[in-house]
Amino acid sequence: MAPNSQSPLSAGKCAIPMTTNDLEHQTTLDQKEFDYSKRSQWLRAAVLGANDGLISTASLMMGVGAVRQDFKAMILTGFAGLVAGACSMAIGEFVSVYSQLDIEVAQMKRDDQKKKKNQEVHVVEDDGGDGDDEEGLPNPLQAAAASALAFSVGAMVPLLAASFIRRYKVRLGVVAAAVSLALVMFGWLGAKLGKAPVMRSVTRVLVGGWMAMAITFGLTKLIGSSGL
């Protein structure tokens with residue numbers, strides 16, 4: 001009976017090895033996860049911007065390639081799509097983030113007015129909180145530059161793929177292959193950052209890109225052959 005009476009005590013002793021170091025380790029892990037979630041939002045936005053640049057520029061180039069076999073026309077079309085798309089992304093992101101900034105600043109002012117009316121005495125905590133709020137405010141210029149850069153990176157893939165190939169059919173095939181490879185990479189990256197199923201994300205992005213290029217190529221070919 002003695003061993004049986006000691007076993008719960010020993011089990012209890014083994015079940016409480018949690019110390020202050022374990023708690024500190026857990027808090028550091030939580031902070032790392034929080035920082036990763038903040039970084040992943042920017043990374044996902046960058047991946048989406050690059051994906052937009054890739055698909056839109058490749059579709060434009062394939063559309064022009066459907067009616068014109070000229071090497072220069074295809075490259076100029078892709079370059080124009082890169083510049084126009086990067087400017088559009090930058091301006092749209094700037095306006096959107098600036099609107100968000102105005103809303104958050106107005107909300108902070110309303111919160112400060114409420115605190116003054118309530119005459120709360122937690123001065124130190126309020127000062128620290130205001131500093132954190134100001135640091136957490138969105139930056140419109142940074143967001144615009146990041147969107148333009150991400151779009152340009154994606155748009156460079158079909159441009160570089162077509163820049164060194166003069167033969168028409170080979171050029172179309174190389175552009176489609178390079179874009180497909182980049183779509184797989186962007187789909188995998190987006191799935192990893194969003195913690196989503198990889199195969200489903202890759203298939204969705206790849207099929208979507210193929211559809212965009214095929215529809216643009218087919219409709220442009222149809223309109224071009226009809227003599228409009």
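Cβ atoms are placed via backbone N, Cα and C, with glycine included.
As recorded in TrEMBL, the features of this protein are as follows:
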type     : residues : note
TRANSMEM : 42-61    : transmembrane segment
TRANSMEM : 73-91    : transmembrane segment
REGION   : 112-137  : region 'Disordered'
COMPBIAS : 112-125  : compositional bias 'Basic and acidic residues'
COMPBIAS : 126-136  : compositional bias 'Acidic residues'
TRANSMEM : 143-165  : transmembrane segment
TRANSMEM : 172-191  : transmembrane segment
TRANSMEM : 203-224  : transmembrane segment
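For the transmembrane segment (203-224), same-chain residues at least 6 beyond its ends with a Cβ under 8 Å from one of its own Cβ atoms are 51, 54-56, 58-60, 62-67, 176, 179-180, 183-184, 186-187, 190. With a cut-off of 8 Å between Cβ atoms, the residues of this chain six or more beyond the transmembrane segment (143-165) that come close are 42, 45-58, 61, 71, 74-75, 78-79, 81-82, 85-87, 89-94, 96-97, 171, 174-175, 177-179, 182, 186.
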